[in-house]
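Chemist: As annotated in TrEMBL:
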TRANSMEM  A:20-38  transmembrane segment
TRANSMEM  A:44-68  transmembrane segment
TRANSMEM  A:89-112  transmembrane segment
TRANSMEM  A:118-138  transmembrane segment
TRANSMEM  A:150-170  transmembrane segment
TRANSMEM  A:203-223  transmembrane segment
Amino acid sequence: MRILNALKSDVKFQFKQGFYFVYIILTLLYMIVIGQIPNKFINYVVPIVIFTDPSFIGFFFIGGIVMLEKIQGVLQYLVITPLSPKEYLISKTISLTILAELAGFAITLVTYKDSFNWIILFLGILLTSIFYTLYGFIVASGCNTINQYFVKMIPYLLILIIPLLVYFSFPNITVLKAMPPVSGFNLIYGAFNGIKLIEALGYIAYMSVINFFTLLIVENIFIKNIIKGGAL
Amino acid sequence: MIKVTDLDFSYKGSKTKVIKGINFHIKKGEIFGFLGPSGAGKTTTQRIIIGLLQEYEGSVEIMGKERKAWGREFYERIGVAFDFPNLYLKLTALENLQLISSYYKKKPQDMESLLERVGLLSDKDKKIDGFSKGMKMRLNFIRSLIHDPEIIFFDEPTSGLDPLNAKIIKEMILEMKKEGKTIFLTTHNMTVAEQLCDRVAFIVEGKIPVIDSPKELKVKYGNQSIKMEYYEGEFTRVEEFPIKGLKENSRPREILKTKDIKTIHSQEATLEDIFIKLTGRKLV
């Protein structure tokens with residue numbers, strides 16, 4: 001029940017802070033840009049856009065939300081309510097993942113005319129969004145100002161982008177598939193271009209395990225840096 | 001309600017103790033003032049009791065259980081109003097209360113009554129970023145009460161308030177005491193402490209040199225006297241006489257008989273005077 005209330009609160013906060021407005025504008029922009037691309041590239045462009053949308057938006061939005069809560073001092077108050085760190089993190093992650101799913105499916109339905117695998121797409125966006133939101137939280141938890149956050153996020157972002165870029169150039173390097181961004185991308189790409197069931201199940205299981213452990217790590221960071229570390 | 005025994009604390013990475021073996025006991029229904037200058041250890045002690053700092057030595061027993069043994073349910077039973085208003089700026093006053101109250105199991109108190117009590121009912125649907133500091137502080141204050149907690153921690157509750165609103169807040173604190181709530185008041189405002197607290201603890205450099213009621217402290221450490229101001233030709237002169245032994249002192253009577261009196265005042269040491277006397281420090 002409390003987590004549901006936390007989710008309602010997060011949605012209200014994100015709405016009032018204008019996050020949804022930004023999200024709608026971005027989604028419309030994506031749709032317009034994809035609309036200009038020749039049909040023969042759509043099979044590649046749509047999965048790339050759908051992948052970057054939940055991942056990058058989740059990563060940036062969670063940073064913005066946590067920094068706003070820190071600057072307004074709200075986070076300091078939340079830690080002395082019955083809301084647990086895990087509930088706090090799960091609620092934030094769900095709220096941004098719902099957005100990512102809505103935007104991902106909206107872009108797909110408007111711009112992609114062929115058939116695609118709804119379930120794989122849903123799971124691909126879900127697992128990617130959860131990972132990037134939690135990852136973004138790691139960056140934001142150690143920062144006290146927006147400037148600090150902007151500086152700190154660059155190396156964190158590169159850690160995830162570089163393996164993906166290398167994978168695009170050298171898709172045969174198997175070890176890269178174990179990187180969460182590559183796994184997430186392959187799932188979303190597979191939803192549009194086909195993927196073996198066993199491979200999809202492998203990515204889903206792998207990403208679920210990664211997300212579970214990332215949640216535990218982030219919860220630990222939250223308790224250590226924010227509750228006990230006096231970072232508030 | 002709260003029993004602190006031989007409490008020591010130093011921040012991680014620092015060898016210097018910021019809390020040095022303090023002891024105090026707060027009874028149910030008591031307003032306990034924690035007074036000291038900035039950096040004395042007030043906030044650190046409060047954070048330890050609230051549970052935000054856990055690597056302490058000694059014992060902090062609260063509501064019959066060691067603080068470290070409490071889980072999140074602890075926060076159902078306490079309320080905290082920090083010394084700066086940490087509110088959702090883009091939400092309205094009422095939305096701020098509703099949002100926080102949704103995290104508690106208990107049915108919230110009547111929010112409109114609370115808002116009315118602190119003069120914010122007509123502003124309930126206004127966003128916080130248009131509020132003055134005083135309005136934010138009042139909302140911050142009532143937010144700590146919406147879940148009807150048993151122990152309430154107030155940090156400088158009247159800071160930034162005009163005298164009228166400060167009076168309302170002080171009256172509310174006294175009403176809570178009557179209802180049996182236990183109140184931990186952290187302040188460097190000696191007047192507020194004197195008006196509200198059953199007992200006060202002076203904390204300086206992580207130590208508590210004295211705990212007593214403001215009245216007892218005044219009797220023990222204050223020098224009560226009478227100050228007489230009178231005219232002498234074109235000048236005004238002042239003389240002060242200790243109350244103790246006043247009836248044997250002929251000089252005040254002589255002044256009354258022979259001089260034109262300008263003012264007569266009884267002089268009492270303030271809590272601040274006593275603090276300075278006992279600790280050698282000012283409350284800045």
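Backbone N, Cα and C atoms are what each Cβ position is placed from, and that goes for glycine too.
Keep in mind it's a predicted model, so treat the numbers as computed, not measured.
Burial and contacts for the listed features, if you can.
Modeler: Same-chain residues lying 6+ beyond the ends of the transmembrane segment (A:20-38) with a Cβ under 8 Å from its Cβ atoms: 14, 45-46, 49, 53, 57, 61, 99, 103, 106-107, 110-111.
For the transmembrane segment (A:89-112), the residues of the chain that approach it from at least six positions outside its boundaries are 3, 6-7, 9-11, 14, 20, 23, 26-27, 30-31, 34-35, 42, 46, 49-50, 53-54, 57-58, 61-62, 65-66, 121-122, 125-126, 128-130, 133-134, 137, 192, 215, 218-219, 222, judged by C-beta separation under 8 angstroms.
Long-range contacts of the transmembrane segment (A:203-223) within its own chain (CB-CB distance under 8 A, at least 6 residues past either end) are made by residues 85-86, 88-90, 93, 123, 127-128, 130-131, 134-135, 137-138, 141-142, 178, 180, 183-184, 186-187.
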Chemist: Who are the chain neighbours of the transmembrane segment (A:150-170) in space, where the CB to CB distance is under 8 Å and they lie at least 6 residues beyond its ends?
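Modeler: For the transmembrane segment (A:150-170), the nonlocal Cβ contacts are 55, 59-60, 63, 132, 135-136, 138-139, 142-143, 176-177, 179-182, 185.
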